[in-house]
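The feature compositional bias 'Basic and acidic residues' is assigned by TrEMBL to 189-206. Per TrEMBL, the feature domain 'EF-hand' maps to 235-270, 287-322. Taken from TrEMBL, the feature region 'Disordered' applies to 189-213, 389-410. Annotated signal peptide per TrEMBL: 1-19, in sequence order.
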Amino acid sequence: MNLKPGWLLLLSVAAGVWSVPIDRNVGNQEVKEEVQEENGDTGLYYDRYLREVIEVLETDPHFREKLQTANTEDIKNGRLSKELDLVGHHVRTRLDELKRQEVSRLRMLLKAKLDSTNIQTLQMDHASLLKQFEHLDPHNQNTFEAKDLELLISTATKDLENYDAERHEEFKRYEMLKEHERREYLKGLDQEKREREEKRMQELKEKHRQHPKVNAPGSVAQLREVWEETDGLDPQEFNPKTFFKLHDTNEDDVLDEQELEALFTKELEKVYDPKNEEDDMMEMEEERLRMREHVMKNVDTNKDRLVSLEEFLKSTEKKEFNNPKEWETLDTKPVYSEEELQRFEAELRDKEEELKRKAENLRQEQELLKERGKALEAQRREYQQAVLEMSQRKEQQAADGQPPAGPNEELKFQPEAQKLETKDPRPVVHCHGSLGTCLMLVVVLLMMRCSRGRRPGHSCQHSCNPLTCRDLRAAPPLLVSTQLPPVSHRTVIPAK
């Protein structure tokens with residue numbers, strides 16, 4: 001995407017925040033320019049949406065023409081946003097689609113954030129939650145209007161202005177953490193090892209400070225060095241206008257932040273080498289940022305985060321261009337004070353204590369879960385033992401010919417056991433007495449009923465006198481059989 005100066009004025013999109021060294025070898029020029037364009041990330045969380053909106057707007061001839069003639073104030077005060085009403089229908093349709101996609105993406109981010117914080121909501125009010133995102137209009141989530149473009153411009157401009165300050169603060173915290181870890185490491189050593197390690201670290205610091213002189217960024221000495229070593233031209237023929245054209249890699253008639261940072265590679269290589277233990281590449285990127293801010297402060301007169309040809313040529317006429325002050329690298333003075341380091345260490349201790357408390361809570365919860373697991377396992381074994389004992393009891397009862405017992409030890413009778421042992425439906429009583437006794441029994445049974453005889457198939461096996469048998473009661477018609485060895489007879493009692 002080849003962005004015009006108008007867009008660069010408000011967004012610095014092509015400039016990005018990461019530098020890419022430029023190789024002026026003809027064979028690699030196109031490849032390097034492609035890499036530079038791909039890495040031009042603003043660092044904003046809505047960077048993709050921003051770029052896609054710009055790409056779509058640049059497809060409209062009318063808007064592109066207005067953009068080329070617009071100045072910084074027209075863009076920042078929102079006058080350019082009003083031109084959105086005049087773009088083609090297909091452009092508006094595409095912008096509407098981009099906004100709906102961005103709203104959908106933000107909703108997913110909000111949901112993930114709420115899920116991560118364990119916030120339970122009955123109904124999520126997306127319209128209210130979207131208000132925290134300033135780069136679009138939350139009240140209109142379906143169409144891209146002039147207000148959306150105005151908000152996108154103002155928010156991106158503000159965020160990019162604050163981005164450098166955030167990078168400085170992040171680097172300071174990095175340096176304090178590094179010093180904190182160094183001190184903690186030395187505390188864990190005995191006296192002899194500590195002294196030896198402190199001496200080694202001091203030697204590395206001194207070695208890092210022993211580097212060639214670093215030219216002030218944006219000075220004639222620094223630019224001539226790039227002209228000679230990077231561009232391969234005669235330093236005696238240095239020409240500021242030609243130099244500007246050579247390093248305006250996207251040919252948009254301005255030097256953006258990325259193109260400026262690429263100019264400082266040679267100076268940074270004097271101080272930092274990734275192969276050396278004493279050189280920190282994080283410090284190198286911080287040094288690059290400081291150099292770019294120095295040039296912008298002295299050259300960028302209209303504060304649009306871009307250097308035009310006119311601004312660049314005027315800077316070459318200043319006294320500081322030919323006689324600059326000596327550039328002080330990061331190793332000449334500390335980035336933080338001892339007081340700031342102490343506050344940082346106190347903050348680390350507080351966070352460490354908080355992590356310990358959380359770890360202890362997790363440990364206690366883990367122990368509680370283990371105890372619950374043990375209780376559940378014991379209960380499971382009890383249930384298994386009870387089931388096993390019940391199964392064994394049933395098997396024993398089946399082997400003894402007893403009816404199976406229920407859970408409360410009550411007897412259960414199977415329907416199969418209630419079948420008659422004879423095909424004759426009438427009950428049979430076997431009496432093992434004399435014939436006279438049997439005849440008497442017949443008379444008695446016509447008048448009485450045996451309580452057991454109520455169950456079909458019951459056989460009275462008593463040898464006592466039937467008249468005194470307590471198990472005899474009024475009974476239904478019976479089939480009485482007597483057996484007197486060796487003579488047996490069978491008596492059928494007719495129905496009463």
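Yeah, the Cβs are placed from backbone N, Cα and C, and that goes for glycine too.
Unlike curated entries, TrEMBL annotations are predicted automatically.
Secondary structure counts, DSSP: the domain 'EF-hand' (287-322) has 24 helix, 2 strand, 10 coil.
The residues of the domain 'EF-hand' (235-270), classed with DSSP into helix (H, G, I), strand (E, B) and coil, number 23 helix, 2 strand, 11 coil.
The DSSP breakdown of the compositional bias 'Basic and acidic residues' (189-206), given as helix, strand and coil counts, is 16 helix, 0 strand, 2 coil.
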